[in-house]
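Undergrad: Pasting a structure here, questions to come.
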Amino acid sequence: MSLPTVAIVGRPNVGKSTIFNRIAGERISIVEDIPGVTRDRIYATGEWLTRKFNIIDTGGIELSDEPFMTEIRAQAEIAMTEADVIIAVVDGETGITDADEAVANILYRTDKPVILIVNKVDNPERRMEIFDFYSLGLGDPYPVSAVHGIGTGDVLDAIVQNLPNEIEEENEDVIKFSLIGRPNVGKSSLINAILGEDRVIASPIAGTTRDAIDTHFVDSEDQEFVMIDTAGMRKSGKIYENTEKYSVMRAMRAIDRSDIVLMVINAEEGIREYDMRIAGFAHEAGKGILIVVNKWDTLEKDNDTMKKFELEIRTKFKFLDYAPIVYVSAKTGQRLNKLPDMIKEIHHAQNLRISSSVLNDVIMDAVAINPTPTDKGKRLKIFYATQVAIKPPTFVVFVNEEELMHFSYLRFLENQIRKAFVFEGTPIHLIARKRK
């Protein structure tokens with residue numbers, strides 16, 4: 001289910017990033033150290049009173065070539081386009097500025113709820129001065145000291161109160177996927193080619209995200225697909241459209257709404273940092289991943305071309321060793337007929353459930369091959385394992401001491417599970433828990 005979105009806006013140096021980190025809490029830390037992946041800090045997930053939501057820091061979207069006020073306005077426009085709830089941040093230390101008023105003037109046009117935060121309210125005297133901010137016309141100001149964590153609970157309460165009502169769970173039989181990649185990798189051509197392959201295409205309907213267009217289609221076996229697309233990629237004339245961080249943010253939102261991500265790479269250009277960043281986000285989000293190398297027809301090839309390209313992919317995407325690769329051409333149609341079946345196979349792997357008895361046989365065989373590690377004379381004991389979730393498949397391994405389960409041994413167990421069962425295209429999670 002797609003999460004609602006909260007966007008943070010405000011001029012520089014009012015403390016947007018600190019507020020972002022406060023709201024995100026521990027969730028913004030990188031749980032898994034993935035070499036070569038830069039985790040983008042403008043997009044995170046927060047949770048309060050059991051409600052989860054995405055947070056966007058529009059201040060992370062840099063428009064360095066643009067005039068100062070143009071950048072401020074662009075941030076506000078992004079918030080109005082993307083968010084369910086908008087947080088406007090001002091500085092209680094410096095008071096109201098022209099830039100604050102410019103943001104307020106833009107936010108007057110939105111029908112989205114706006115929460116006004118007066119940051120850097122670190123003492124009672126400054127708290128008395130927050131009433132000046134009523135003149136912005138954005139409602140009751142919330143006094144906050146993001147550095148000290150003062151007042152953030154009230155802000156989180158306000159966020160949750162203003163989030164849209166939760167919608168019912170969507171049909172799990174429908175496969176939702178998105179095509180993600182840098183500009184000019186051929187996403188549009190691939191979309192058109194996929195939809196042109198004698199599919200029964202329903203009329204595009206508005207998705208749960210504002211201004212998003214999701215395309216529903218059915219294949220020859222009556223499997224229903226939803227192709228997630230973001231209309232923002234189709235808009236023109238917006239000053240922030242070509243900034244990389246805005247593109248990253250759009251991609252992250254599409255990933256959030258997808259079951260499976262088709263990571264599209266331009267064969268002519270190879271893998272760039274953007275690709276690694278987005279792939280890392282999809283991996284951490286537990287999404288199914290299919291690597292699609294487009295424009296394969298444009299390369300001059302010899303017997304080793306595909307082998308060399310796969311080596312580059314596996315070297316740079318070490319954390320995606322489970323993701324299948326397909327080399328296609330949207331222009332000629334080469335191998336495009338494979339995509340729907342590959343997507344369905346990944347969807348099947350994501351939803352695969354393994355009985356505890358069969359799983360534990362695999363675990364015990366693995367331990368026989370490679371005995372559990374020891375630390376200071378104490379050996380790790382594995383009592384049993386069980387599957388607790390799907391999408392992605394998640395297993396809990398009950399042990400005598402969690403600290404004895406080294407990451408490398410957990411990875412070994414994962415590899416043995418993958419050898420025993422078909423989990424191609426999906427991450428699987430193994431969690432060590434002390435048996436009580």
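Cβ atoms are placed via backbone N, Cα and C, with glycine included.
Okay, so Swiss-Prot annotates it like this:
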type    : residues                  : note
DOMAIN  : 4-167                     : domain 'EngA-type G 1'
BINDING : 10-17, 57-61, 119-122     : GTP 1 binding site
DOMAIN  : 175-351                   : domain 'EngA-type G 2'
BINDING : 181-188, 229-233, 294-297 : GTP 2 binding site
DOMAIN  : 352-436                   : domain 'KH-like'
Undergrad: In DSSP terms, helix, strand or coil for Asn13 (GTP 1 binding site)?
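TA: DSSP assigns Asn13 (GTP 1 binding site) to coil.
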Undergrad: Taking only the binding-site residues Asn13, Lys16, Val121, which one has a CA atom nearest to the CA atom of Gly181 (GTP 2 binding site)?
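TA: Sorting the binding-site residues by distance from Gly181 (GTP 2 binding site), the top entry is Lys16.
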Undergrad: Highest CB neighbour count within 10 A among the binding-site residues Lys16, Lys187?
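TA: The residue with the most neighbouring Cβ atoms within 10 Å is Lys16.
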Undergrad: On the 0 to 100 scale, where does the mean pLDDT of the domain 'KH-like' (352-436) fall?
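TA: The answer is 95, the mean pLDDT of the model over that range.
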Undergrad: Which number gives the other C-beta atoms within 10 angstroms of the C-beta of Asn13 (GTP 1 binding site), all protein chains shown included?
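TA: Result for Asn13 (GTP 1 binding site): 11 neighbouring Cβ atoms inside 10 Å.
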Undergrad: Among the binding-site residues Gly10, Gly181, which residue has the fewest other Cβ atoms within 10 Å of its own Cβ?
TA: Gly181
Undergrad: Least buried of the binding-site residues Thr58, Asn184, going by other Cβ atoms within 10 Å?
TA: Asn184
Undergrad: Cα-Cα, whole number of Å: Lys187 (GTP 2 binding site) versus Thr58 (GTP 1 binding site)?
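TA: For Lys187 (GTP 2 binding site) versus Thr58 (GTP 1 binding site), the Cα atoms are 25 Å apart.
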